[in-house]
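Report on the following structure.
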Amino acid sequence: MNGMNHSVVSEFVFMGLTNSREIQLLLFVFSLLFYFASMMGNLVIVFTVTMDAHLHSPMYFLLANLSIIDMAFCSITAPKMICDIFKKHKAISFRGCITQIFFSHALGGTEMVLLIAMAFDRYMAICKPLHYLTIMSPRMCLYFLATSSIIGLIHSLVQLVFVVDLPFCGPNIFDSFYCDLPRLLRLACTNTQELEFMVTVNSGLISVGSFVLLVISYIFILFTVWKHSSGGLAKALSTLSAHVTVVILFFGPLMFFYTWPSPTSHLDKYLAIFDAFITPFLNPVIYTFRNKDMKVAMRRLCSRLAHFTKIL
């Protein structure tokens, strides 16, 4: 393709979620509140883990990085959606659209691998506690973090390298509030069936494969605990429950999107809202309300801050 082809379309237009003024107002309030709550909740986790020495362990290091990814992920689409809700002309440049897609897939892929790392951390803590600190060393934690970032970048670049040179000569309308790869491919002025199949296989395989791997690891952990100590099964279930809930919230919409034969545009929008606002909001709620150490650390940090303000 020559470079002049895709320069015909300089921007893409979003249709948004609704044209009703009343529903737009509700969406604006809902989106703003959940985005603010998501950012604050995840910031609290990062701040608590950083400031409290009792939480300087592999588990909480990975959790803090998961919170950072969640903040970045919900910031890809949420701010623009909030700003565009009342606009009649909701547009994004070609470069802006590609950037949005790139970071969505890069951060999504990174989070998938990080969740696998967190499952491995729980396996070592529950099934091999004597070797936990030896294997889950600071170097290993950094290795997990670097590996997840590299895999996320590769996953995103592999798909976008074929997209940037596609010809886009119109139409330029997205029946959505954000840029996603399948819709972008359908707007290209050429046959993209093979590319669409490659994208679906790429994203579908990494989503379903990661989820299956996580489920197998959780089953293996529970089986190992049950085999050695029936009394420890309840404790293992309690420990894993937060991780399993987060995994289901993250992978559920993704797998539904990539395995459902023909999802409607309305369904796509609802799943996107869930990913952009609900999941990043629920993750810190799950990890704080279901984790005694985190709650104790937060209370301890609040006491220190209150004492510090009194001194001032």
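Cβ coordinates come from backbone N, Cα and C, glycine included.
If you check Swiss-Prot, you'll see LEU25 and LEU305 are listed on opposite sides of the membrane. If you draw a 10 Å sphere around the CB of CYS189 (disulfide bond), it holds 16 other CB atoms from the protein chains shown. Counted over residue pairs 6 or more apart, the CB atoms of the transmembrane segment (140-158) and the transmembrane segment (58-79) come under 8 Å in at least three pairs, which marks the two as touching. Between the transmembrane segment (270-289) and the transmembrane segment (58-79) there are at least 3 Cβ pairs closer than 8 Å, counting only pairs 6 or more residues apart in sequence, which means the two stretches are in contact. In the structure as shown, the Cβ atom of CYS97 (disulfide bond) sits within 10 Å of 26 other Cβ atoms.
Applying DSSP to the topological domain 'Extracellular' (159-195) sorts its residues as follows: 11 helix, 2 strand, 24 coil.
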